[in-house]
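To start, the structure under review is shown below, and the notes come after it.
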Amino acid sequence: MAEVPELASEMMAYYSGNEDDLFFEADGPKQMKCSFQDLDLCPLDGGIQLRISDHHYSKGFRQAASVVVAMDKLRKMLVPCPQTFQENDLSTFFPFIFEEEPIFFDTWDNEAYVHDAPVRSLNCTLRDSQQKSLVMSGPYELKALHLQGQDMEQQVVFSMSFVQGEESNDKIPVALGLKEKNLYLSCVLKDDKPTLQLESVDPKNYPKKKMEKRFVFNKIEINNKLEFESAQFPNWYISTSQAENMPVFLGGTKGGQDITDFTMQFVSS
């Protein structure tokens, strides 16, 4: 009668007598590990294999058969690792390794997001409703007067930049700089009165999308005419006088003696 050979004492040291165990410890005999890893030599659809031996051992048939059954179970449980491990295979493991967590901001820094935003600008000239043009009067002042012929070259060319502000259907925030000059119209408080001035700026920092509020004007179009309301001082407007050759100023009245309506002429770059 054929008998199942008993395992050598080296292997039996790792054997478990419990039929439900996997029978061998992780650090078992090296030759057994190799036989499990080389699955090409052990097809998964194979059954229990018995070896015939002429030698007799003191161990019982039941123990030896249990070990063989355990080996067969292990063969079928092990899955060979593919030869090439692709990078996209890592995505399979990420949900088990990392846990997604939302990021909350206590404050929202608009400056960080608009600092590098491009600024859209156009070049233009302005005339009040009486067709007076705006020209330089000294280094930091504008005045309004009628120009004709070659004198039209004296009128100021503005670089109108579309900036961040309280934009609505009838109001567009803009900044008014003088073309090729480091000067911008700004509104400040002098002697407790809102005042229009020309302010010198650093050309490395201006224009920018988020201008300081004193530089911002709300451009309002009414009946093909334009008004420029100060964002710093609501209901105060860029104004001219009825008289000739008078300074451009910031006025707090509309429809009276002060002129707050302008027309805009585009100028090629």
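Every residue gets a Cβ built from N, Cα and C, even glycine.
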For the motif 'Involved in interaction with TMED10 C-terminus' entry in Swiss-Prot, name the matching range from 74-87, 214-227, 228-241. 228-241
Out of the recorded sites K171, K179, K181, K190, K204, give me the one sitting nearest to R120 (site 'Involved in receptor binding') by CA distance. K179
Given the recorded sites K171, K179, K181, K190, find the one whose Cα is closest in space to the Cα of K204 (site 'Important for interaction with integrin'). K181
DSSP-wise, what's the residue breakdown of the motif 'Involved in interaction with TMED10 C-terminus' (228-241) into helix, strand and coil? 0 helix, 7 strand, 7 coil
C-alpha of K171 (site 'Important for interaction with integrin') to C-alpha of K179 (site 'Important for interaction with integrin'): distance in Å? 23
